[in-house]
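**Q** There's a structure below that I have some questions on.
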Amino acid sequence: MPETSVLRGVVVAVAVLQTVGLGLLARRGSWLTDDLEFLVQGDRGFAPKELLTPLNDHIAPGLRLVYAAFAAIAPLNHDVTIGWRMAMQAIATVLMGLLLLRILGPTWWVAIGTAIYALVPVSMPSFLSLSSGVNNLSAHVFGLLLLHATIDWYGGRRRRAVAYGPLSLLISLACWEKSGLILFTAVALALYLRDEPFRSWLRRTLPYAAALGLAVIGFGVLYLTTGNPSAGRVPSPADLGRLVAQSFEVPLTAVVGGPWRWADTGQVFSLADPPIVAIVLGGLITALLLAVAWRRDRRALLLWGAVIGYVLATVALLSYGRFGVFGSVFTVHYHYWSDLSIPLTLAVVLTAQNLRIVVPAMVLAGALAGVVVSDAGFAGEWGKNPAKAYFATVDAELDRTGPNVNLWDTTMPPPMGSALMSDRRLSPVLRMAGRRFQLQEPGSEPLLVDDSGHIRPAQFAVWSRDKPAAQPNNFCSLLLHGAGPLVIPLVPTQDEVATSEWFVRAAYFSNRENQVSVELVDDAGRVAALPAKNWPGGVGTMYFGPSERIRATQLRLRSTDPATNLCVANLQVGLPR
């Protein structure tokens with residue numbers, strides 16, 4: 001029988017080795033689209049209004065808080081975020097090891113269980129991705145704290161349990177609502193440890209359950225009053241059955257270190273594509289473990305029930321909210337399955353402890369090979385993220401050109417900027433990072449940040465221009481005198497009028513400074529307004545954009561100043577390249 005102090009040391013050693021390995025894998029990659037968008041939002045500060053800004057169709061004030069801290073402390077420093085993830089993962093792994101020690105006592109199964117939790121690949125992708133890690137690492141840490149509080153409650157430390165158990169659940173929910181599924185594991189663990197008649201146990205449980213219920217209700221009220229729930233739809237019975245079957249592949253393959261293989265999607269965050277042999281082998285080992293639990297310790301079936309409950313609840317939640325748009329992607333996207341490793345580890349260990357240790361040790365050694373294959377396969381695609389080289393180049397170029405460089409307000413290339421982003425422009429990211437530059441100022445022709453991150457002169461590809469006046473004025477054909485508006489028809493330079501996020505280049509002269517805004521208008525009357533700017537007096541060129549996507553056929557100039565006096569000499573709508 002090992003000493004408790006020895007087991008604690010082994011648990012810490014496993015946590016250190018795990019976090020160092022994951023940290024090195026994380027450094028192979030860089031920022032994803034969500035990371036950049038959340039950092040820009042985080043740069044707005046810590047005000048409750050900002051923290052409660054809806055995230056897609058839900059709220060995650062905990063996630064907003066973490067990103068606001070990153071934006072304030074070390075903006076656009078990926079290594080700092082890796083350090084935070086390593087700390088959170090180490091805490092989670094130590095908490096799992098100590099939880100097993102409290103359940104099992106001093107046995108080598110504590111070390112084996114900690115290693116299983118640390119190695120299971122179902123959690124690895126969510127560590128590497130920052131946005132997923134902020135959700136899921138918080139779910140791991142605070143979910144495990146909830147399980148510790150549950151043991152404290154039944155161990156007689158009720159005040160301590162109530163002090164941090166409901167709070168842990170509330171914090172976990174604030175980082176991601178789905179983390180509330182840890183309650184399946186909490187109930188299963190409480191029943192597993194029950195040592196009194198059920199009615200007595202139930203009376204003893206009710207106050208603790210009420211305290212946890214208050215945490216759930218509190219977050220529910222916050223969600224209903226500030227969230228942005230989407231109108232989902234229930235899949236057909238056939239689709240639902242297929243989703244359930246695909247979802248159970250996650251725990252089955254995890255038992256053998258799966259998924260072993262990842263789909264080639266062209267994205268740096270790969271989707272699981274387990275081979276049939278991994279599913280079958282995982283199913284056989286799971287069936288063996290269930291048979292052992294049935295014959296030797298049926299209480300362990302409670303933890304397997306928590307695994308089943310987690311999977312079914314995940315399918316119910318995500319099929320309603322995500323299937324209509326993303327199909328079955330959630331069944332193979334491990335962002336949604338990270339904290340499944342908690343009930344799965346407990347189920348496997350509490351079952352396998354009834355076997356001679358040599359048998360599970362041999363199975364674990366075989367699963368370790370699967371873990372290596374799974375981790376290496378994911379890391380291969382993860383390391384192809386061009387964001388690290390892109391931002392390093394942009395940073396060096398801004399150092400070279402200095403703070404007075406004038407840039408076009410263009411978007412980031414994929415995969416940094418994607419269609420899922422509400423704002424794909426590079427400028428908000430650079431401003432968040434504290435970089436100084438000029439943005440489409442009238443003093444000089446803007447330069448372009450190209451897809452490699454280099455700053456170079458741009459060519460302005462003209463797609464439409466002002467339509468020549470029927471009766472040209474020798475002095476000024478496009479004169480905005482007073483507030484306006486001045487409506488300017490556009491004629492395409494190509495064969496047809498195109499739809500895009502347009503930029504406007506306007507050469508002008510004026511005897512005074514004017515504040516004038518630009519609006520692009522389509523044939524249906526839809527308007528894409530561009531922010532008003534000060535047009536300096538004299539002769540110059542103004543630059544606007546990008547607009548919302550529009551098929552512009554007219555351009556309108558407006559001013560709020562009745563003394564406005566502005567002549568536009570040449571008007572071009574196009575794209576800098």
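Cβ atoms are placed via backbone N, Cα and C, with glycine included.
Sharing the record's features from TrEMBL:
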- 6-26: transmembrane segment (TRANSMEM)
- 82-101: transmembrane segment (TRANSMEM)
- 108-131: transmembrane segment (TRANSMEM)
- 137-155: transmembrane segment (TRANSMEM)
- 167-193: transmembrane segment (TRANSMEM)
- 205-224: transmembrane segment (TRANSMEM)
- 275-294: transmembrane segment (TRANSMEM)
- 301-320: transmembrane segment (TRANSMEM)
**Q** To the transmembrane segment (108-131), which of 6-26, 82-101, 137-155, 205-224, 301-320 is linked by the most Cβ pairs under 8 Å?
**A** 6-26
**Q** Would you kindly check 6-26, 82-101, 167-193, 205-224, 301-320 and say which stretch has the most C-beta pairs under 8 angstroms to the transmembrane segment (137-155)?
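**A** Ranking 6-26, 82-101, 167-193, 205-224, 301-320 by Cβ pairs under 8 Å to the transmembrane segment (137-155) puts 167-193 first.
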**Q** Quickly jot the same-chain residues contacting the transmembrane segment (301-320) by Cβ under 8 Å, restricted to those at least six beyond its ends, or write none.
**A** 178, 181, 184-185, 187-189, 191-192, 232-235, 239-240, 243-244, 247-248, 250-251, 289-290, 293-294, 330-331, 336-337, 340, 343-344, 346-347, 350-351
